[in-house]
Amino acid sequence: MKLIKYPDRSQWNEILKRPVLETENLFDTVRNIINRVRAGGDRVVMECEAVFDKAELTSLAVTSAEIEEAEKEVPIELKAAIYLAKRNIETFHSAQRFEGKKVDTMEGVTCWQKAVAIEKVGLYIPGGTAPLFSTVLMLAIPAKIAGCKEIVLCTPPDKNGKVHPAILFAARLAGVSKIFKVGGVQAIAAMAYGTESIPKVYKIFGPGNQYVTAAKQLVSLRDVAIDMPAGPSEVEVLADESANPVFVAADLLSQAEHGVDSQAMLVTTSEKLQTEVVYEVERQLGYLTRRDIAEKSLANSKLILVKDMEEALELTNAYAPEHLIIETKDYMEVAGQIVNAGSVFLGAFSPESAGDYASGTNHTLPTNGYAKAYSGVSLDSFIRKITFQEILPSGMSAIGPAIEVMAANEHLDAHKNAVTVRLEEIRK
């Protein structure tokens with residue numbers, strides 16, 4: 001961890017830089033795999049699985065028998081926890097349902113919106129160092145609430161061709177339609193273009209490593225929508241002298257254990273807290289099973305001391321963190337001044353872990369500063385809003401002349417004529 005005290009504004013850009021991974025040949029590699037899958041379908045997907053996941057597969061689909069067997073392997077206490085998380089996620093996302101109302105913009109001119117679910121969506125759930133069954137809930141539950149007809153899930157198998165039981169349990173519970181043993185770039189390509197087994201979808205959701213992220217970016221240029229640009233996960237803790245250093249250190253470490261490219265930041269007005277957090281991080285680090293990962297991640301982490309809360313807020317909004325934890329005595333007032341963040345956790349007893357799993361909010365969030373322009377996944381991510389307008393003769397009489405003038409001044413004669421012929425009919 002790097003301790004920074006009272007940085008000058010000229011240093012902010014350097015201080016707030018995210019970890020950068022080497023990507024010199026990445027896009028060429030990813031593009032090649034995408035093109036191969038697009039041309040060769042299931043055969044190429046299985047070849048990729050053998051190379052990248054060391055799994056020799058004869059079929060890609062997860063069977064009902066496999067799901068039923070997996071459910072038996074999930075411990076009762078984990079099932080209970082998943083049920084609780086599901087209930088809270090459903091409650092929060094159900095409250096986001098759109099209720100469009102008709103608006104009369106003028107007499108005889110009525111406009112409205114209708115929310116329609118995206119019919120086919122694809123969910124990518126990484127394998128890697130941890131089974132992210134929580135991400136299954138975060139993506140499949142709002143998709144189901146939205147009314148998506150087909151929810152396709154791809155996740156990499158282990159070398160024995162098995163998918164983690166908790167992922168399968170969560171997928172069935174959340175209403176996933178089809179599950180496939182496919183990971184990496186090949187999974188994104190398969191969902192973007194379709195194979196003999198895997199349906200083509202209209203929008204792809206889910207996190208992944210730099211290869212998966214690059215694949216999502218490439219297929220989104222023309223062929224399929226994606227949830228958002230994504231990068232390594234990150235957290236900022238914004239704290240004053242009232243914060244508990246044990247809690248702050250725990251929050252920083254909970255982010256650091258995600259991956260070696262994760263970033264954990266503390267921005268504080270208290271030099272005493274900055275010092276105490278360094279001690280607490282070292283103490284708690286010794287208890288972690290993923291200590292090696294956390295230690296490497298902490299190399300990207302910074303503990304920044306600033307002169308006052310005004311500067312802390314300015315620095316925070318410039319950073320635009322994926323996760324922001326506010327541990328100050330007046331956290332509601334401070335929160336009111338946050339304009340750039342993915343998800344905000346207020347007060348000493350609101351750790352990021354709550355949002356990651358079970359509070360009900362979504363943990364699929366914009367990273368890498370994209371919180372300045374993007375929202376996290378919500379019910380809206382799975383729907384489209386179609387606009388409608390009904391114009392009666394009285395409405396056309398009211399707005400028609402203005403349309404004619406505007407079209408004429410844009411030199412679009414056919415646009416003008418489409419109104420003129422109607423006005424002439426009305427005047428008969």
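Including glycine, each Cβ sits where the backbone N, Cα and C put it.
Annotated NAD(+) binding site per Swiss-Prot: Tyr124, Gln186, Asn209, in sequence order. Note on Asn209 (NAD(+) binding site): other Cβ atoms within 10 Å of its Cβ, all shown chains, come to 17.
According to Swiss-Prot, the feature substrate binding site maps to Ser233, Gln255, His258, His323, Asp356, Glu410, His415, an assignment based on sequence analysis. Cβ environment of His415 (substrate binding site): Ile403, Ala407 lie under 8 Å away, each six or more residues apart in the same chain. In this structure, His415 (substrate binding site) is part of a helix by DSSP.
Residues or ranges marked as Zn(2+) binding site in Swiss-Prot (evidence: sequence analysis): Gln255, His258, Asp356, His415.
The Cβ of Glu322 (active site, proton acceptor) lies under 8 Å from the Cβ of Ser233, Glu234, Val235, Ala341, Gly342, Ser343, Leu365, Pro366, Thr367, Ala371, each on the same chain and at least six residues away in sequence. According to Swiss-Prot, the feature active site, proton acceptor maps to Glu322 (among others).
Long-range Cβ contacts of His323 (substrate binding site) within its own chain (separation 6+, distance under 8 Å): Ser233, Glu234, Val235, Glu236, Gln255, Ala341, Gly342, Ser343, Phe345, Glu352, Gly355, Leu365. Annotation comment: Swiss-Prot describes His323 (among others) as active site, proton acceptor, evidence class sequence analysis.
Shown are the binding-site residues Asp356, Glu410; the one with the most C-beta atoms within 10 angstroms of its own C-beta is Asp356. Using a 10 Å radius centred on the Cβ of Gln186 (NAD(+) binding site) and all shown protein chains, the other Cβ atoms total 29. Separating the Cα atoms of Gln186 (NAD(+) binding site) and Glu410 (substrate binding site) is a whole-number distance of 47 Å. Asn209 (NAD(+) binding site) sits 48 Å from Glu410 (substrate binding site), taking the C-alpha atoms as the reference points.
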